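Per TrEMBL, compositional bias 'Pro residues' is recorded for 10-19. Among the features that TrEMBL reports, domain 'CAAX prenyl protease 2/Lysostaphin resistance protein A-like' is placed at 153-244. Look at TrEMBL and you will find 1-36 tagged as region 'Disordered'. Per TrEMBL, transmembrane segment is recorded for 46-67, 79-97, 118-138, 150-171, 183-202, 208-228.
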Amino acid sequence: MSQSIERPEPTPLPEPTPLPHITAPSGRAPGPRTLRKPRSVRWESAWVRLPVLFVLLLAVNGLTTLINGVADATPVTGLLSGVATAGLALGAYVWLVRRLESRRSPAELRPANARSELRTGALLGLGMFSLVIAVIAMGGGYHLEGWGTFGGALTTLGVMTCVAVTEELAFRGALFRVLEEKTGTWGALAASGLLFGALHMVNPDATVWGGLAIAVEAGLLFGSVYAATRSLWLPIGLHLGWNMAEGGIFGTTVSGSDAGQGSLFTASVSGPEALTGGAFGPEASPVAIVICLIPTVLFLREAKRRDRFHARARADR
């Protein structure tokens, strides 16, 4: 009689560990385009992103200037062209930020803040330049002569809308914001202000003093507004309100250039350059510098209070 040999029960294999569920950043299941290689790390460096963003946005600025120069034959086409090219510049900025920084919606251009901050900034800019003109007029340097043209003012509004948007995107949206990652807030303020003043040195009636004045009164002011709010809408509105009051309402020279096509009032400017700013316009007047420095200090204090000052990056970073 043969003896049966008992065989051990086979050990069951463990349940396979399920693979983690992978989703795209949008929350959807990944497709063939989602599972591609990550973006090159070269764009993570501020020193690489900065020149690309800044130069491309300056190119957009030049392109929109050419378009507006062709389309300003009538007030309506001038206004529509200015607004349309400003929208084109905003779209280009958002696209560049998405490509280079992988940010789907730039926090500095939140649509919810646009209307209120543009309105507030425009009123502030209009009020500040009106105060500059009032002081110059009391000193005998500004003489109101009569009415200009509403159509010319509309064309100037279109031009100034595009100028405000493209310059703020380039100098605060790209230069200040990206440079701040390396130099800190103070370094970004100084560099963006100086380069902003240098940009205006190419204007027909530019002077060294005028460029320095722009660097201080406008470069530092717009930079401080961005530092305090971390939004581009308020400096865009402030820039637009100031330029529109200067060239589209009071009829004075804008940064050494007749950038506008008309104004609501016609006027003449005479007297010492120390009061009027001379051929460069009221922006080269010490009056404008003093009036702009006051809100600059206030916005910088607000940025400090909100803990929005950034320190300079360490050398090993």
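Positions of Cβ are set from backbone N, Cα and C atoms, glycine also.
The highest tally of CB pairs under 8 A with the transmembrane segment (79-97), across 46-67, 118-138, 150-171, 183-202, 208-228, is held by 150-171.
For the transmembrane segment (208-228), the list of distant contacts is 108, 121, 168, 171-172, 176-177, 185, 188-189, 192-198, 200-201, 234-235, 238-239, 242, 255-256, 277, 280-281, 283-285, 288-289, 291-293, 295-297, 299-300, 302-303, 306, 308-309: same-chain residues at least six beyond its ends, Cβ to Cβ under 8 Å. Long-range contacts of the transmembrane segment (183-202) within its own chain (CB-CB distance under 8 A, at least 6 residues past either end) are made by residues 167, 171-172, 175-177, 208, 210-216, 218-220, 222-224, 227, 255-256, 303, 308-313.
Residues in the domain 'CAAX prenyl protease 2/Lysostaphin resistance protein A-like' (153-244) partition by DSSP class (helix H, G, I; strand E, B; coil) as 84 helix, 0 strand, 8 coil.
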